[in-house]
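Report on one structure; see the data block that follows.
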Amino acid sequence: MSVIELFQKLLKFKSITPNDDGAFDFIQEYLGNEWNCIKVDMEGVKNRFYYKKFNDTKQHLCFAGHIDVVPVGNGWEVDPFAAEVIDGVITARGAQDMKSGDAAFLYACKNAKNFDGTLSILMTSDEEGEGTYGTIKMLEHLKQINMIPNYAVVAEPTCEEVFGDAIKVGRRGSINGYITIKGKQGHAAYPEKCINPVHNFAHILPKIAGINLDNGDEYFAPSKLVITDIRAGMEVTNVTPNELKIMFNVRNSTNTTKEDVENFINQNLKGLDYDFRITQGSFPFVTNKTSKVVIAMENSIYDILKIKTKHSTAGGTSDARYFGAFGIEAIEFGVINDTIHSINEKTTVKEVEGLTEVFENLIKNF
C-alpha cells in the first residue's frame with residue numbers, strides 16, 4: 001500500500017469529533033503485530049498509543065496527530081469523504097487537517113527498518129473538540145507507566161505559502177478576560193442623576209485595547225490584549241446603561257502570565273466599580289532552537305525539499321501544548337494549511353509524498 005492509498009483510506013473514515021468511525025481498528029491492523037498498542041478511552045473519546053522498541057537506548061521519538069475532523073458543511077464540489085485524486089489534488093475533509101500528516105507518519109513508522117531507541121505514535125479522536133479526554137489523558141497515563149517520550153513531532157499542517165517553509169517550535173497560550181463596569185441606569189436627559197459606565201470607561205479603553213503586554217522575543221511576537229466584545233444598554237437613545245461588559249483575549253507568550261494580565265487590568269481599572277474574571281484556556285510552550293528534534297527536522301526538510309525552513313509560534317493552539325506541559329521537546333510540521341476547516345479542503349499528492357519522505361529521513365538520521 002502506497003502512502004497515497006493509505007491517505008485515501010484514512011480520508012474515507014467519517015471521523016467527525018469524537019467518532020473515529022473504525023479508523024483506529026484499521027490503523028492497528030495496518031501497523032501489524034510488531035507494534036504494541038495502549039488504549040485510553042474515556043467519555044466517548046478514543047486515544048491510541050502505538051510503539052515499537054528497536055533497541056534498549058532510552059531515546060524515544062513520538063509522532064502525534066488526531067484522526068478526528070470538523071463537520072463538513074454545505075457547498076462542496078466533490079464528496080468530502082470520497083478521497084479521489086484529481087490532477088494530483090485530493091479534496092476531502094481532513095486533507096490538510098490532518099490526515100495527510102497521519103498518513104505520512106504512519107507510513108514512515110511502519111516502514112522504518114532501524115531506529116536508535118523507541119518509535120511511537122500517539123493519536124486521539126478528540127482534538128477538534130474540547131480535547132478534555134484526548135491527548136492529555138494518554139500523556140497522563142504514559143507518565144504513570146513511565147513511557148513519556150523525549151521528543152515529539154505533531155504532524156499538524158504548519159506551512160504557509162510553500163511546502164516546507166515553516167515548523168512550529170512552540171505555541172502561544174490563550175487568556176480570556178471578562179470585565180463588568182457597574183453604573184446607575186437613568187434618563188439620558190438627566191446625566192447628573194446617572195452613573196454612566198460607558199463614560200467612566202471610555203478614557204481607559206485606549207490604555208488597554210491592542211496594547212502589547214511584553215516586547216516579544218526570538219520565538220514569540222508580543223503578547224497583545226485584543227478586545228473581542230463590548231456591550232451596554234438596551235439599544236435605545238434615552239436611557240443610560242446600568243453596566244458595561246467587556247471581553248478580551250490575550251494570546252500570550254512565555255513572557256506574560258495570567259497574573260501579569262490580571263495585574264495590568266486591575267491597575268487600569270483602579271477607582272471604578274467593577275467585576276473582573278480571568279481564565280487561562282491554554283498555556284504557552286517553546287522548544288529551544290538547539291533541541292535535537294528541531295535541528296533534525298531542519299536538516300530533514302533541507303535534505304528532501306531543499307528549503308531552509310523558518311521557526312514559527314503563530315496561530316492558535318494545538319495538542320502540541322500538552323507535550324510541552326509534560327516536558328517533552330515538541331515541534332510541529334505538516335503540509336500547507338491554507339484550506340483547513342474550509343469547504344473544499346484540499347492538499348496535493350506531491351506534498352503528502354514529500355512529508356512522508358521528510359519523516360522517513362528524520363527517523364533514519366535521528
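Here the Cβ of each residue, glycine as well, is placed from N, Cα and C on the backbone.
Here Swiss-Prot flags His66, Asp97, Glu156 as Zn(2+) 1 binding site. What Swiss-Prot lists as active site is Asp68, and the listing cites sequence analysis. Taken from Swiss-Prot, the feature Zn(2+) 2 binding site applies to Asp97, Glu128, His341, supported by sequence analysis. As annotated by Swiss-Prot, active site, proton acceptor applies to Glu127.
Known features from Swiss-Prot, placed on the structure.
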residue : record                       : DSSP (3 states)
His66   : Zn(2+) 1 binding site        : strand
Asp97   : Zn(2+) 1 binding site        : coil
Glu127  : active site, proton acceptor : coil
Glu156  : Zn(2+) 1 binding site        : coil
His341  : Zn(2+) 2 binding site        : coil
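Residues within less than 8 Å, Cβ to Cβ, of His66 (Zn(2+) 1 binding site) and separated from it by at least 6 positions along the same chain comprise Met98, Asp102, Met123, Thr124, Ser125, Asp126, Glu127, Glu128, Gly134, Thr135, Asp319. Here the recorded positions are Asp68, Asp97, Glu127, Glu128; the one with the fewest Cβ atoms within 10 Å of its Cβ is Glu128. The Cα atom of His341 (Zn(2+) 2 binding site) lies nearest to that of Asp97, taking the recorded positions Asp68, Asp97, Glu156 as the candidates.
Residues Gly65, Met98, Gly101, Glu127, Glu128, Val154, Ala155, Pro157, Ser318, Asp319, Gly334, Ile340 surround the recorded Zn(2+) 1 site, their Cβ atoms falling within 8 Å of the Cβ centroid of His66, Asp97, Glu156, which are themselves excluded. Residue density at His341 (Zn(2+) 2 binding site): 14 other Cβ atoms are found within 10 A of its Cβ, drawing on all protein chains shown. Same-chain neighbours of the Zn(2+) 2 site beyond Asp97, Glu128, His341, judged by a C-beta within 8 angstroms of the site's C-beta center, are, in sequence order, Val69, Val70, Gly94, Met98, Ile340.
Residue environment of Glu156 (Zn(2+) 1 binding site) contains 25 other Cβ atoms, counted within 10 Å of its Cβ in all protein chains. Cα to Cα, Glu156 (Zn(2+) 1 binding site) and the residue listed as 'active site' are separated by 12 Å. Straight-line distance linking the Cα atoms of Asp97 (Zn(2+) 1 binding site) and Asp68 (active site), rounded to a whole number, equals 9 Å.
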